[in-house]
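Heads up: the structure comes next, in structure tokens.
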Amino acid sequence: MVKVYYNGDIQENVLNGQKVAIIGYGSQGHAHALNLKESGVDVIVGVRKGGSYTKAQEDGHQVFTVKEAAAQADVLMVLLPDEQQKKVYDEEIKDQLEAGNSLVFAHGFNVHFHQIVPPSDVDVYLVAPKGPGHLVRRTYEQGAGVPALFAIYQDVSGQAKDKALAYAKAIGGARAGVLETTFKEETETDLFGEQAVLCGGLTSLVKAGFETLTEAGYQPELAYFECLHELKLIVDLMYEEGLEGMRYSISDTAQWGDFVSGPRVVDANVKESMKAVLTDIQNGTFAKEWIVENQVNRPRFNAINANENEHQIEVVGRKLREMMPFVKQGKKKEAVSVGAEN
């Protein structure tokens with residue numbers, strides 16, 4: 001059974017006298033920096049000159065270049081996109097680390113897949129809120145918090161666990177509960193969830209349903225409503241009450257269809273495909289492909305993205321969403337995973 005830590009389980013003074021540098025000031029960086037500051041932690045921000053730099057200054061932080069921040073800090077939290085971390089680490093962070101520092105991440109990708117190899121004389125740990133930055137910030141302001149994960153990769157000081165928990169507490173995570181994991185488990189389950197269910201699996205299911213209806217002669221507008229628009233209603237119920245609560249809230253007809261038709265769509269073959277996806281994550285195949293794709297400036301990524309954006313479901317959806325002013329738009333880049341823009 002997973003171990004969960006709350007505020008009362010965590011030492012108060014572990015971060016006292018420690019200067020924490022937040023590297024990156026996107027969705028997560030913004031939330032971490034403000035929450036830490038309001039928890040009494042000595043915080044600075046390291047970011048490249050530009051919009052994020054100015055925004056961090058406007059929020060009242062001491063702002064430096066990444067290299068300058070890294071040179072001052074005792075604790076460095078790297079909150080940059082996965083694909084940017086290695087370059088920034090190699091060029092601006094690595095040579096600034098001193099023995100006894102803490103190198104912290106919110107996702108284990110680069111450490112687990114050996115893109116970043118920390119020196120042997122620093123603590124390395126992970127603190128990962130299970131929610132987007134704006135939610136981490138909003139719940140903190142409300143006196144609550146978002147559950148978080150923590151993991152220890154390297155404990156030189158003998159206090160890495162205490163430091164990780166203290167950090168999680170300072171951003172509000174221990175108000176909701178902090179769960180212990182490993183870099184391997186966090187990285188592999190996070191990637192699998194994104195690929196097989198939350199992003200890849202879901203978008204493919206939605207498109208397949210839409211195409212099935214339109215190819216059978218149904219109007220694309222109705223197909224959009226049935227296969228995409230109404231998804232939020234169901235997901236919200238699942239989010240709040242689980243599968244049981246969702247099924248309680250829908251009609252008996254819908255529930256019966258769930259029971260008898262769902263397993264026909266997501267059958268044993270789909271599960272075998274999921275296992276293959278997991279294997280590619282575990283053995284590093286996916287990571288290698290993504291790293292190489294970025295090294296050659298993303299030709300496949302960009303081509304697929306452009307093609308997907310012109311799928312009929314997108315063309316129809318843009319028009320229908322204009323009819324619904326209650327649907328919030330314009331937040332395409334709000335970070336919903338742990339990585340944040342710098």
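From the backbone N, Cα and C atoms, a Cβ is placed for every residue, glycine too.
When Cβ atoms from all protein chains are considered, those within 10 Å of H107 (active site) total 25, not counting its own. Under the heading active site, Swiss-Prot lists H107.
The feature NADP(+) binding site is assigned by Swiss-Prot to Y25, G26, S27, Q28, R48, S52, D82, E83, Q84, Q85, G133, with sequence analysis given as support.
Per Swiss-Prot, the feature Mg(2+) 1 binding site maps to D190, E194; the stated evidence is sequence analysis. Taken residue by residue with DSSP, E194 (Mg(2+) 1 binding site) is part of a helix.
The Mg(2+) 2 binding site feature in Swiss-Prot is assigned to D190, E226, E230; the stated evidence is sequence analysis. Over all protein chains present, the Cβ of D190 (Mg(2+) 1 binding site) has 20 other Cβ atoms lying within 10 Å.
Annotation comment: Swiss-Prot describes S251 as substrate binding site. The number of other Cβ atoms within 10 Å of the Cβ belonging to S251 (substrate binding site), over all protein chains shown, comes to 8.
Annotation comment: Swiss-Prot describes 2-181 as domain 'KARI N-terminal Rossmann'.
On the 0 to 100 pLDDT scale, the domain 'KARI C-terminal knotted' (182-327) averages 98 in this prediction. Annotation comment: Swiss-Prot describes 182-327 as domain 'KARI C-terminal knotted'.
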Cα-nearest neighbour of S251 (substrate binding site) within the listed binding-site residues, Y25, R48, Q84: Y25
Cα proximity to E226 (Mg(2+) 2 binding site), best match among binding-site residues S27, R48, D82: S27
The domain 'KARI C-terminal knotted' (182-327) - residue tally per DSSP class, helix then strand then coil: 123 helix, 0 strand, 23 coil
Closest of H107, D190, E194, E230 to Y25 (NADP(+) binding site), Cα positions, recorded positions only: H107
From recorded positions S27, R48, Q84, H107, G133, the one whose Cα lies nearest E194 (Mg(2+) 1 binding site): H107
